[in-house]
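Peer 1: Encoded as structure tokens, here's the structure I'll be asking about.
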Amino acid sequence: MELLICILGIYISFLLWSILQERITTRSYGKEIFNSVIILSIMQSFIAIIVSFIFTYFITKRSKKKKPTLSKSLFLKLVLVALSSSFASPLGYASLRHINYPTLILGKSCKLLPVMAIHTIFYKTHFTYHKYLIVAMVTSGIVIFTLYDSQLSSKTNKQSSNDTWGLFLLSINLLLDGYTNSTQDQIFKAFPHITGPWMMLYMNILSTVGTTLYLLCFTNELITTLEFIKKYPSITSDILIYGCSGAIGQLFIFHTLEKYGSLILITITLTRKMLTLLLSLIWFNHKLTIGQWIGVGLVFYGASLEAYIKHTQLTKKKA
């Protein structure tokens, strides 16, 4: 039940978040489009700091637990995770300049693989055989579903002049994502006093500090953003709702990460995109191809198998 609440929380929060992101970055305010992506990122992390601080304050007060101590080793790990997380997204966007959109989506569909690889190589984590099978099924299902998506297929005409460089950037992006998620798993294991909301708070503080320094030292986005808001104040409410929906979604994400691990979390975030597209196809009476049905079947069978095994393990523990 707890996992189901987390799944619904992530789905609903990030559905609103993605709608507002598209609205802010593509809709014209007057005759201009808002292009300050760094400011948007800073506002997101700043609002997440406020939300996570309020949440941790009341939880700590209610449970009468002490604030977790931030040791040197923990701080170093959090800094490394914040850096890898901050560098991953820009590399993903940069790769899109050299590869087509379907290639990017297919690459992102394989996010489970680098997480597992880094867990195994760097942290010597041993997974059960059924875990490898489930990851293979879910990844294959999403890849097949994406390959047979006619909307994506129509975009393959945009050929790149430098595919190799684009694939290299995408590979680094996936490795950084894998490092971020696997290291977060290790932090929860090595520092059990750290909870999901506390990690969310620390991560967003570090992200805000780093991004703000970059903003002030290397760009003029702050000035252009203030001028834009002065001209079109209606964007302020869009940014605030965008930040709040993302922050609430992060609460569910970090709780899922703490309780269930990065593999479950990534499976949820990957299937969210597939389910959104699936519901859209059904809603507008578009027929799914045989390939898409096979992809859906693999994903849901893999997810159901994981849920059944987890339930069986919990039942045995209680017995």
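Placed from the backbone N, Cα and C atoms, the Cβ positions cover glycine too.
Features from TrEMBL:
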| type | residues | note |
| --- | --- | --- |
| TRANSMEM | 37-59 | transmembrane segment |
| TRANSMEM | 74-93 | transmembrane segment |
| TRANSMEM | 129-148 | transmembrane segment |
| TRANSMEM | 201-219 | transmembrane segment |
| TRANSMEM | 239-257 | transmembrane segment |
| TRANSMEM | 264-284 | transmembrane segment |
| TRANSMEM | 290-309 | transmembrane segment |
Peer 1: Counting only CB pairs under 8 A, let me know which of 37-59, 74-93, 129-148, 239-257, 290-309 has the most with the transmembrane segment (201-219).
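Peer 2: Against the transmembrane segment (201-219), the leading stretch is 37-59.
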Peer 1: Cβ under 8 Å to the transmembrane segment (129-148), counting only same-chain residues 6 or more beyond its ends: which ones?
Peer 2: 102, 105-106, 109-110, 112-113, 116, 263, 267, 270-271, 274, 277, 289, 291-292, 294-303, 305-306, 309
Peer 1: If we skip the immediate neighbours and take only residues 6+ beyond the ends of the transmembrane segment (239-257), which ones have a Cβ under 8 Å from one of its Cβ atoms?
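Peer 2: Same-chain contacts beyond the flanks: 3, 5-6, 9-10, 13-14, 16-17, 20-21, 24, 40, 43-44, 46-48, 50-52, 55, 181, 184-185, 188, 196-197, 199-200, 204, 264-265, 268-269.
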